[in-house]
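> Take a look at the following structure, please.
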Amino acid sequence: MTIKKFLPLLLSSLMVYSLILLPIISGKSPVSCDGACTSTPQCNKICTSKGYKKGICHGSAHLFYICCCYAKFESQYDPSISSPPNY
């Protein structure tokens with residue numbers, strides 16, 4: 001009787017765990033940080049021109065600022081998805 005109640009809980013827990021773990025394993029990230037910046041508006045211009053949703057200039061403790069671009073949607077990071085041809 002206990003096994004019948006435990007199996008659905010175990011199965012649903014494994015499904016949730018795998019849905020959380022899959023993007024981590026595949027290396028997909030909702031943020032792309034590269035390049036130096038001096039201000040958030042400058043970083044935002046660079047990121048939006050590249051097709052990202054927004055950009056934020058993050059500073060570290062060593063006075064080094066890096067521009068981080070945030071994706072509009074997750075499929076933007078999937079290299080296997082190509083753009084449709086322009087006819």
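If you go along the chain as it appears here, the first residue is 1 and each next one adds 1.
Placement of Cβ uses the backbone N, Cα and C atoms for every residue, glycine included.
According to Swiss-Prot, the record shows the following:
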type     : residues    : note
DISULFID : CYS33-CYS69 : disulfide bond
DISULFID : CYS37-CYS57 : disulfide bond
DISULFID : CYS43-CYS67 : disulfide bond
DISULFID : CYS47-CYS68 : disulfide bond
SIGNAL   : 1-27        : signal peptide
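I'd like these features described in context: how deep, what's nearby, how far apart.
There are 23 other CB atoms within 10 A of the CB of CYS69 (disulfide bond), with all protein chains counted.
Under the three-state DSSP scheme, CYS37 (disulfide bond) falls in the coil class.
Around CYS67 (disulfide bond), a 10 Å sphere centred on its CB holds 23 further CB atoms from the protein chains shown.
Residues near CYS68 (disulfide bond) in space but far in sequence (CB under 8 A, at least 6 apart, same chain), listed by position: VAL31, SER32, CYS33, CYS43, GLY55, ILE56, CYS57, HIS58.
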> Between CYS47 (disulfide bond) and CYS37 (disulfide bond), what is the CA-CA distance rounded to a whole number of Å?
11
> If we count other C-beta atoms within 10 Å, could you say which of the disulfide-bonded residues CYS33, CYS37, CYS43, CYS47, CYS57 has the fewest?
CYS33
> Measuring Cα to Cα, how many angstrom lie between CYS69 (disulfide bond) and CYS37 (disulfide bond)?
12
> What three-state class does DSSP give CYS68 (disulfide bond)?
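Its secondary structure by DSSP: strand.
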